[in-house]
């Protein structure tokens, strides 16, 4: 082995340094290339696989996800295994397993066999890939040289991802889809021999016992959540089995956190999340790979299946993106070597999100090859810029002895982002395809019992074998129109997937700005905001609902986008505080304003449900249902005798669950959701007694804005009642009770509305306070409650009143937003040096 022993190296005993670092770097990046290549190389082969093996979109997702799921699920364990056992040893063993899986995939005669082969490949990649990054730290101990080497490493990783569709397109076009797996075997054998000769060995000089419990819980967490995301497409996301999988995944995650914070040698040490650069980098890794895979997987599939691009033409479209990733990565490597990780990481996120947003535009209408290539290249440039600093930030933040764990954590977040992205965005795409096709087939007169076969035929590109064509023949003239609808429906889903991807990456950029300014004014300001900005999401989300109900769809979607970006940043902040500052989190979470987290989630989920995105809405319902009892228990345990209007947030949060559950039940997600919503509705009404007992009535005249929450609670209760009435499956007496309660709640809501308006006039309170978002929420919620009650109870006066109140709410939102911006500008000018 061409290495030099170096006992004085920071890694200590067990570390050797490469005598020829250039060749070692080339070998490590070759291992990286072949494992990362297979994350995307299969994307351009999907159409041929679908045709050859006769499968649908759901199973095609498993062809992709079997690799990324096993890759991501086992990478933490494999990375930590390399620290005590030897990083090179684990890497070359993984490479051998990867080649074996490639042989199985190349010989597969069915989709299940192909999925199994891809899973074996994922196992090999999980073992081999972390070593490419952790060993790099041993080869280049100097930080400046390491930063440049990381630029090369990141350039190769990005090149592999972007070259996947390009190289795959050429191979599939010339030799068929099986050739992409034989290519792996050839490259793998050559790299295996080079690694044995030129790559140095390294290990933790003081290894602890292997954390098998954490490894198992981590794999269970990822497996159950992603499996639930894909299974929900067929069973429905409201199916008890799917919800149970999501809950099991959440419980496994909490178990994983509990184990990792207690064991001596964890597969992931959560203490490193206290370092702002580390947690910011891991968040960006997840978001960027989540978003970029929407391009690799769904754009390639759309171009080939719906627009009928050949594999070679698809490869040509992606070629500029591959080049841009390399350019961005190399430039970022030099950028990081001269400065720090913050600016290039944030810049890369913004550029990548802009490229994805422009790709949406390029795919609309008639597709221009040049325009699409240019927008993909812009997304690739941002991707390349973002990847280098996030890798550098994580490796620089941990001791050299734990570099295997750090590398595994970084790459796990990448692969988790990719796997979750394919699952979640695939659910959106498939959901739109199925829903739009079903609606069109109904319009064309196709009987409901024949529609599943027709939808399956459109998804597969052929009529499934074993189907009796006799009943379908008289509808043959409708086939061209159904196929056109399928293309439009697929584009609709792809458009939404790209939008979600861009929002996810932008939210990661916002989180990085705030996290990496830990001691700055921006960070201090952010720490004051979560409850108020939770109310902002509630206010903006409910006004978006009102605009949707009154036909102002463009404004409604703009409000939804704004609310979603802030919610994603707040959710990331909420989770990060919980993980690394648990004690402080409990002290901040025991006051009623903390429940805006639940209220904001349910309001956003309700708006998303109205768009037909039932998977995303169900996921938000599960999140809110998990967080709600924890926060409710903390708040009630610390109630005082005299409290402001925020005390009614216990009712708002509970009724928000009822609203979202009832909305999903009305959409046909699951009848049991209506029963659960009814239980939350009743519990929310019971909580009013406790809230009134602790409310300081003088707040009506002295409150700073959050005293309006009392009326907002009544409004959301009225909305919950109207949504439950709209389900139309209650027995006669229960339906009558719900209608009576809804009318009574609307009346009480309007009465308190008038009372608070009078109190504002009598006791005028000028000036701005962040709690004024509670006022906007109340105005918007009252408007939506009136609109919904008018629709459910067929009341024209309620609908008219709702429209008038919505105009007032929208105007108030603009005033409060303007004052928020003005306050920040004035504070910035005051704090800036003369």
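Glycine residues also receive a Cβ, built from the backbone N, Cα and C atoms like all the rest.
Just so you know, TrEMBL annotations never went through curation; they're auto-generated.
Residues or ranges marked as domain 'Major facilitator superfamily (MFS) profile' by TrEMBL: 24-520.
Annotation comment: TrEMBL describes 148-168 (among others) as transmembrane segment. Through the fold, the transmembrane segment (148-168) approaches residues 25, 28-29, 32-45, 132-133, 136, 139-140, 180, 183, 292, 296, 300, 311, 314-316, 318-319, 321-322, 324-326, 328-334, 336-337, 380, 383-384, 387-388, 391-392, 395 of its own chain, all at least 6 residues removed from its boundaries and within a Cβ separation under 8 Å.
If you look up TrEMBL, you'll see 212-230 (among others) marked as transmembrane segment. Away from its own ends, the transmembrane segment (212-230) comes close to residues 58, 61-62, 65, 69, 72-74, 76-77, 80, 242, 245-246, 248-249, 252-253, 255-256, 259-260, 263, 266-268, 416, 419-420, 423-424, 426-427, 615 of its chain (Cβ-Cβ under 8 Å, at least six residues beyond either end).
Within the chain carrying the transmembrane segment (236-259), a Cβ under 8 angstroms from the stretch's Cβ atoms is held by residues 211, 213-214, 217-218, 220-225, 227-228, 266, 270, 427, 579, 614-615, 618-619, 622, 626, 664-665, 669-670, 672-673, all 6 or more beyond its ends. Taken from TrEMBL, the feature transmembrane segment applies to 236-259 (among others).
What TrEMBL lists as transmembrane segment is 349-370 (among others). Below 8 angstroms of C-beta separation, residues 284, 287-288, 291-292, 294-295, 299, 302-303, 307, 316-317, 376-383, 385-386, 491, 494-495, 498-499, 501-503, 505-506, 508-509, 512 of the same chain, each at least six residues beyond the ends of the transmembrane segment (349-370), sit close to that stretch.
Annotation source TrEMBL lists transmembrane segment at 376-395 (among others).
If you look up TrEMBL, you'll see 416-435 (among others) marked as transmembrane segment.
Annotation comment: TrEMBL describes 529-552 (among others) as transmembrane segment.
Nonlocal intrachain contacts for the transmembrane segment (619-639), taken as residues 6+ away from its ends with a CB within less than 8 angstroms of a stretch CB, comprise 237, 243, 246-247, 250, 424, 571, 586, 589-592, 594-595, 597-598, 601-602, 604-605, 608, 647, 649-650, 653-654, 656-657, 660-661, 664, 690, 694. Under the heading transmembrane segment, TrEMBL lists 619-639 (among others).
The feature transmembrane segment is assigned by TrEMBL to 672-695 (among others).
The feature transmembrane segment is assigned by TrEMBL to 707-725 (among others).
As annotated by TrEMBL, transmembrane segment applies to 773-792 (among others). Among residues of the same chain six or more beyond the transmembrane segment (773-792), those with a C-beta under 8 A of the stretch's C-beta atoms are 532-533, 535-536, 538-539, 542-543, 545-546, 549-550, 645-646, 705-709, 711-712, 715-716, 718-719, 721-723, 725-726, 742-743, 745-746, 749-750, 753, 756, 798-806, 808-810, 812-813, 816.
Taken from TrEMBL, the feature transmembrane segment covers 804-822 (among others).
The list of residues near the transmembrane segment (376-395) in space but at least 6 beyond its ends in sequence, with Cβ under 8 angstroms from a Cβ of it, reads 133, 137, 146-147, 150-151, 153-155, 157-158, 162, 277-278, 280-282, 284-285, 288, 292, 295, 299, 317-318, 320-333, 335-336, 340-342, 344-345, 347-356, 358-359, 403, 406-407, 409-410.
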